[in-house]
């Protein structure tokens, strides 16, 4: 959530900043509701002052032996008015909070202004796309020919946008997870965590998925009476890992905190009808290794650069060409103030596709979660960062396509071989 103070002053600059994100700030609404809040605040304070003055007068009357019953009755009436005013103010504050929850984060100053992915800015490239001397096959064809990727079985078991992996492809999927976790924990000092795959609504509000993006989530229902439960399947491990510090006061000496986890992720893909219907690109259930950093305001910019580099290192070790782009204002996620996307080269599509997104959310999530940093007697809001390190299914398909051979086999990247019993190739 953005700083509420920004909604109480001149809203023109804020409106212009949010407009670059495709969000229209209703200035009239916020001015009217702020005037209403001020009026209620003044009314409440005046009534409280009247009650305090009356209480002193009652004391004086009683001390002098005079009758205070009339004044006591008046003060009782004032107390009732105060309760009514406080209830009205509390209700209004809740309305303000709910409305503020719908506002996206403010872009950082160095984020390029744009409306779509076409306006993203390439920062760097690594690796040269391989030149093939045979007809390139996509990962779906490769996996199905090997008999190790089965969409038909997944459709029978569940429905569309699911998959079944078998044999060495399933092993490589597991090997990728192990390699990623080892890299983040051993090389980069992350603390590995095992977190619930089901979270409550407060967790999703904390990281910004609720209330705005409920349609993208899978919500659980009580099968006995069809009542909604306050449980959702996680769309990313960012949600449980970031919420580990919800409501906490963190000692500045302990920061940054660096968490990593491997989890399945569950997304309804409500807004992607007809997109990437073939293959592993866009699934309702997929695996991801996630990175989360909890930091101070002074640390967060540098940590975003480091986190992005850590995700890039995984791709370098797998010898997968990629490019890194800085997202424009109109393409960033709701909670982010700055984001880098890493896009891996897919030979069958002759283009780069997103495989990681690394974001600095500033104090946006921390404000929603109530997470603060203690520095002596001073406290301030923490900064939160998250990044994919990496999306496992997309990494698997990138390995399959970039390391395919003419005979339909797949050369196993050297760093994965220790996790696959020393095998160096997946054969037909």
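Cβ atoms here come from the backbone N, Cα and C positions, even for glycine.
Not measured: the values here are computed from a predicted model.
Record note: Swiss-Prot gives 236, 237, 238, 290 as L-serine-binding, and the candidate from 97, 116, 388, 409 in that site is 388. Fewest other C-beta atoms within 10 angstroms, among the binding-site residues 268, 356, 357, 388, are seen around 268.
Within the same chain, residues at least six positions away from residue 237 (L-serine binding site) with a Cβ under 8 Å of its Cβ are 195, 261, 262, 263, 265, 288, 290, 292. Closest to residue 269 (ATP binding site) by Cα-Cα distance, out of the binding-site residues 236, 238, 388, is 236. Within 10 Å of its Cβ, the residue among the binding-site residues 236, 267, 269, 290, 355 with the fewest other Cβ atoms is 269. Put simply, residue 356 (ATP binding site) is 5 Å from residue 388 (L-serine binding site) when counted between their Cα atoms. Sequence-distant neighbours of residue 238 (L-serine binding site) (same chain, 6+ residues apart, CB-CB distance under 8 A): 207, 290, 292, 386.
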